[in-house]
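Enquirer: Here it is: the structure, laid out below.
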Protein chains: 2
Amino acid sequence: MKEIQVQSSSHLYNITIGEAIRFQLKDFIASDYSSVYIVTDESVADLYLQEILENFSETKVSHFIIPAGEKSKNINSFYKLHTHALKNGLDRNSLIIALGGGVVGDLAGFGAATYMRGIDYIQIPTTILAHDSSVGGKVAINHELGKNLIGNFYPPKAVIYDVETLQSLPKKEIRSGYAELVKESLIADKAFFNTIIQTDLQTLTNKQLQEHILVGIKIKASIVESDEKESGIRKFLNLGHTLGHALEAELGYGFLTHGEAVAIGLLFSLHVSEEIYETKMPYLPLIEWLKTNNYPTGMHQLEPDALISKMKTDKKVVNQTIQMVLLKGIGEPTMKEINDHDLKIYLNSFVQRLVGE
Amino acid sequence: MKEIQVQSSSHLYNITIGEAIRFQLKDFIASDYSSVYIVTDESVADLYLQEILENFSETKVSHFIIPAGEKSKNINSFYKLHTHALKNGLDRNSLIIALGGGVVGDLAGFGAATYMRGIDYIQIPTTILAHDSSVGGKVAINHELGKNLIGNFYPPKAVIYDVETLQSLPKKEIRSGYAELVKESLIADKAFFNTIIQTDLQTLTNKQLQEHILVGIKIKASIVESDEKESGIRKFLNLGHTLGHALEAELGYGFLTHGEAVAIGLLFSLHVSEEIYETKMPYLPLIEWLKTNNYPTGMHQLEPDALISKMKTDKKVVNQTIQMVLLKGIGEPTMKEINDHDLKIYLNSFVQRLVGE
């Protein structure tokens with residue numbers, strides 16, 4: 001079992017990573033909550049809800065189950081979460097538990113942030129991808145005009161990461177999670193990047209997975225501690241996300257997983273970084289690793305203009321100009337304003353390069 | 001012109017009270033916002049929107065107008081506020097201005113708190129009641145099951161209170177605002193209470209009004225500075241609100257103004273305080289002043305059971321027990337758990353006392 005502490009603006013919280021710790025939640029949760037409200041999705045509920053409920057035999061507990069998938073992260077689910085919580089008598093001393101992946105974590109966290117102006121919540125991530133979203137307190141729902149546009153910065157009281165729950169993940173979800181690990185490595189840790197691209201996701205061991213998640217969370221935690229509200233370096237965590245989010249929105253949520261879209265976004269960031277800084281980035285090793293591990297890398301049917309339009313609903317846009325995270329080298333992220341004209345040129349040359357590889 | 005400074009958990013902000021200061025907003029607002037988004041209601045827009053817009057001849061500005069009244073403080077207006085803001089290109093460096101009363105302030109503030117996870121906003125209150133709601137950062141929308149149940153603590157960057165805008169207020173709104181001033185006086189300042197109940201609202205002068213608002217805001221600001229997140233003494237500001245909110249919900253929003261409902265709630269708090277602490281409270285002087293000033297004080301047709309049920313959706317409820325703010329004396333507020341059985345007795349004796357007066 002490993003513990004990482006994160007100092008947020010309002011409190012200190014622990015991220016605990018271990019095996020089978022979902023059966024001993026009481027070790028990590030204060031005992032004086034008046035009630036517990038578990039938010040999860042249909043798929044995770046089938047696998048783990050009963051086990052989680054058994055931790056609370058002496059506490060008043062209720063739950064709220066959403067359909068699995070990004071489409072649940074909307075204003076209607078948000079309102080229903082409140083309605084159901086009110087009907088179950090949740091009060092200001094209640095605890096919300098987010099049991100699931102990023103969609104559940106973001107929705108439940110935003111529910112907690114806004115329920116009676118804010119109650120405690122805990123993240124119990126059940127995907128690799130959620131190693132990223134469960135740490136740092138970014139909570140949100142999607143707007144029909146873009147992802148994560150309605151939300152708060154609201155750190156959890158604890159993150160309890162039972163890696164046993166990752167064993168049943170489909171390959172697509174493993175790929176999705178590893179894209180964020182690649183991102184973290186590119187931002188902060190060249191050795192970690194080299195480790196990942198030597199890892200075969202088909203034969204991934206539990207030991208490897210735990211090690212990688214631990215490094216990823218440490219990078220993430222260190223960044224959000226320095227800049228919780230994303231006024232500076234936290235923006236670097238959006239590496240690959242400007243195009244990634246646009247791809248998800250343009251193709252329709254669910255067509256690509258978040259991580260699959262981010263993986264293409266990371267390639268694009270490397271491509272633009274090479275163009276602008278005239279430096280050699282690991283574009284080739286990354287695309288080879290992505291292909292070996294069955295990430296979708298074809299996007300040549302997409303219109304640059306449509307993508308640019310979607311990119312403009314990104315929260316990093318200021319004065320209608322797109323801000324991209326680029327790299328001067330691995331571990332050397334930087335922010336760069338890119339005008340529409342240049343962006344279109346980069347998108348076109350990127351698509352050609354993808355087709356050519 | 002008077003200034004009061006408030007230290008919030010995230011920043012220091014000024015409350016400026018003066019005449020005609022709506023024409024010189026640039027003196028109080030940072031100049032480097034990428035755009036300004038004014039949220040107001042139909043009534044206030046007719047009176048002041050044009051004047052406010054003229055402050056921003058050199059800034060990109062857009063506006064969002066809601067129907068006047070409590071019914072606009074709902075999830076649909078909240079989502080529309082976001083949609084309209086996105087379509088107008090608001091970014092993270094934009095400013096939201098809440099121009100209006102408490103409904104506008106609460107909705108616009110919650111919009112700002114959640115737009116791209118939080119952007120700056122400024123309160124320009126145009127009612128007496130909003131002297132209370134515009135200070136301290138409580139922002140929220142209503143849920144169909146109760147008032148202000150979905151929200152955040154999110155302090156404004158400034159409060160700019162142009163008392164000239166209060167001159168056109170209907171009598172009903174003056175009464176509504178004065179109920180919160182009475183509340184503040186009961187919590188903290190006996191001399192102020194005596195001043196108010198010697199004030200005839202029919203012949204109120206601008207000078208009196210400014211003086212009263214200044215004292216009220218000072219009381220409010222001092223309390224929220226000590227306890228921004230309402231873990232302790234800020235709860236005292238809910239004096240009169242447990243029954244007040246229940247009355248509004250039970251009678252249907254708009255039947256009584258917020259302040260008219262709070263006024264009855266204050267009488268009830270004095271009544272229960274007398275019963276529990278066996279002390280003499282200024283119940284009689286207050287009800288006489290309320291009647292002289294045309295506050296509605298008849299509620300004998302109401303069912304205690306229905307009111308208790310509504311009271312239980314109050315955010316102060318813990319473990320299904322209602323927490324009331326009571327007074328051991330003027331300036332000596334305290335919190336008290338009251339069980340349903342006792343509450344019903346107090347409600348019945350209160351109704352009889354109201355009928356008897």
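A Cβ is built for glycine as well, from the same backbone N, Cα and C atoms used for every other residue.
TrEMBL labels come from automatic prediction, so no person has curated them.
I grabbed these lines from TrEMBL:
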- A:Gly102, A:Val103, A:Val104, A:Gly105, A:Asp106, A:Thr126, A:Thr127, A:Lys138, A:Lys147: NAD(+) binding site (BINDING)
- A:Glu180, A:His241, A:His258: Zn(2+) binding site (BINDING)
- A:64-175: domain '3-dehydroquinate synthase N-terminal' (DOMAIN)
- A:177-317: domain '3-dehydroquinate synthase C-terminal' (DOMAIN)
Enquirer: I need the nearest neighbour of A:Gly102 (NAD(+) binding site) among the binding-site residues A:Glu180, A:His241, A:His258, using C-alpha distances.
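Expert: Closest candidate to A:Gly102 (NAD(+) binding site), judged by Cα separation, is A:His258.
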Enquirer: In the domain '3-dehydroquinate synthase C-terminal' (A:177-317), how many residues does DSSP call helix, how many strand, and how many coil?
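Expert: Tallying H, G and I as helix, E and B as strand, the rest coil: 99 helix, 0 strand, 42 coil.
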Enquirer: Measuring Cα to Cα, how far is A:Val104 (NAD(+) binding site) from A:His241 (Zn(2+) binding site) in Å?
Expert: 20
Enquirer: At the level of the C-alpha atoms, what whole-angstrom distance separates A:His258 (Zn(2+) binding site) and A:Lys147 (NAD(+) binding site)?
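Expert: A:Lys147 (NAD(+) binding site) has its Cα 11 Å from the Cα of A:His258 (Zn(2+) binding site).
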Enquirer: Go through the binding-site residues A:Thr127, A:Lys147, A:Glu180, A:His241, A:His258 one by one and keep only those whose Cβ is less than 8 Å from a Cβ of chain B; report them in sequence order, or 'none'.
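Expert: The binding-site residues close to chain B: there are none.
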Enquirer: Provide the number of Cβ atoms within 10 Å of the Cβ of A:Thr127 (NAD(+) binding site), excluding the reference atom itself.
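Expert: By my count, 26.
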Enquirer: How far apart, in Å, are the two Cα atoms that lie farthest from each other among A:Gly102, A:Val103, A:Val104, A:Gly105, A:Asp106, A:Thr126, A:Thr127, A:Lys138, A:Lys147, the residues recorded as binding NAD(+)?
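Expert: 21 Å is the greatest Cα spacing among the residues binding NAD(+).
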Enquirer: Comparing the binding-site residues A:Lys147, A:His258, which residue's C-beta has the most other C-beta atoms within 10 angstroms in this structure?
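Expert: By the 10 Å Cβ neighbour count, A:His258 comes out on top.
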Enquirer: Excluding A:Glu180, A:His241, A:His258 themselves, which residues in that chain have a Cβ inside 8 Å of the centre of the Cβ atoms defining the Zn(2+) site?
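Expert: The answer, listed by sequence position, is A:Leu129, A:Asp132, A:Ala179, A:Lys183, A:Gly240, A:Gly244, A:Gly259, A:Ala261, A:Val262, A:Gly265.
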Enquirer: Among all the protein chains here, how many other CB atoms are within 10 A of the CB of A:His241 (Zn(2+) binding site)?
Expert: 26
Enquirer: Please report the Cα separation of A:Lys147 (NAD(+) binding site) and A:Glu180 (Zn(2+) binding site) in Å, rounded to an integer.
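Expert: Their Cα atoms are separated by 17 Å.
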Enquirer: Work out how many Å separate A:Glu180 (Zn(2+) binding site) and A:Thr127 (NAD(+) binding site) at their Cα atoms, rounded off.
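Expert: A:Thr127 (NAD(+) binding site) has its Cα 12 Å from the Cα of A:Glu180 (Zn(2+) binding site).
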Enquirer: When DSSP states are grouped into helix, strand and coil, how many residues of the domain '3-dehydroquinate synthase N-terminal' (A:64-175) land in each?
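Expert: When I sort the residues of the domain '3-dehydroquinate synthase N-terminal' (A:64-175) into the three classes, I find 42 helix, 35 strand, 35 coil.
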Enquirer: Just to confirm: which same-chain residues, 6+ apart in sequence, have a Cβ under 8 Å from the Cβ of A:Asp106 (NAD(+) binding site)?
Expert: A:Lys73, A:Ser133, A:Lys138, A:Val139, A:Ala140, A:Ile141, A:Asn148, A:Gly151
